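Trainee: The structure that follows is given in the form of structure tokens.
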């Protein structure tokens, strides 16, 4: 997150939601096209890829709901707001992808060695088109996730990259079957298993990132240094003693200990603390709240409080 003027992350949520809605429309369209193509063209690899895309449609719905829920205001039961719903949505995405992979893998293994018609050449064109579309979606959503800090959109972006690689495997499998003949029918199911492997790797990465955010990791060093510098530029702040910044959804919460002249009155120190908070929230659009703790300067006590 870079410094930015403004006081609301609402535009970031809107941008992330638009990306999720766009992905939903594309995944539904691709899923239906690949499913029909796989059924008519007798390609289980293409059917498995269709199930993957339709599963992605479901995950897009989860992401959209998570982004909507994360914007709900704080209440008595959730004084810190509902922004963690975004990370929960990302973890749910991972679980849904995992379930779809298990289904595809079981079906592919059960079909190994079975005889079926050679897929027509147009099934390869479907797979090739899917590669181009999914790779384009990957770069689009990756740029959105970097701009907004959305973990669920980032997860969705890498899911599109996984889908593009899966479709590449499907294309290769179809080509082997087409030009190798009946003796290479196994390549279709083999391509489906490659799809499963890629999905499982992607699932593990998404789930690991989502659960990490739920455990309150410290923000990036770059962001920490930017916030520290901004706080120390406030008149009356002698130094920043401690600074913790944790990500929650598309936003951040900060706890900062600042050192002020020990001879200041409580009122004067309180005013400086408010100036620090106001400046940080104004300068960093994704910084939702700042808890400021005052320490006397020179600071001598050795406790953590």
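Each residue's number is its place along the chain shown, starting with 1.
Every residue, even glycine, has its Cβ placed from backbone N, Cα and C.
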Trainee: Can you say which of 50-69, 70-89, 90-109 is given as transmembrane segment in TrEMBL?
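Mentor: Checking TrEMBL against the ranges 50-69, 70-89, 90-109, the transmembrane segment one is 90-109.
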Trainee: Cβ under 8 Å, sequence separation of at least 6 from the ends of the transmembrane segment (21-47): give me the contacting residues as numbers and ranges.
Mentor: 53-54, 56-57, 60-61, 64, 107-108, 111, 116-120, 122-123, 126-127, 130, 133-134, 137, 140-141, 156, 160, 169-170, 173-174, 188-189, 191-192, 195
Trainee: Based on DSSP, tally up the residues of the domain 'Cation efflux protein cytoplasmic' (220-297) by helix, strand and coil.
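Mentor: Per-class counts: 30 helix, 32 strand, 16 coil.
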Trainee: Name the range, of those listed as 90-109, 121-140, 191-207, that has the largest tally of Cβ pairs under 8 Å with the transmembrane segment (161-179).
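Mentor: That would be 121-140.
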Trainee: Take the domain 'Cation efflux protein cytoplasmic' (220-297) and average the pLDDT across it for me.
Mentor: 90
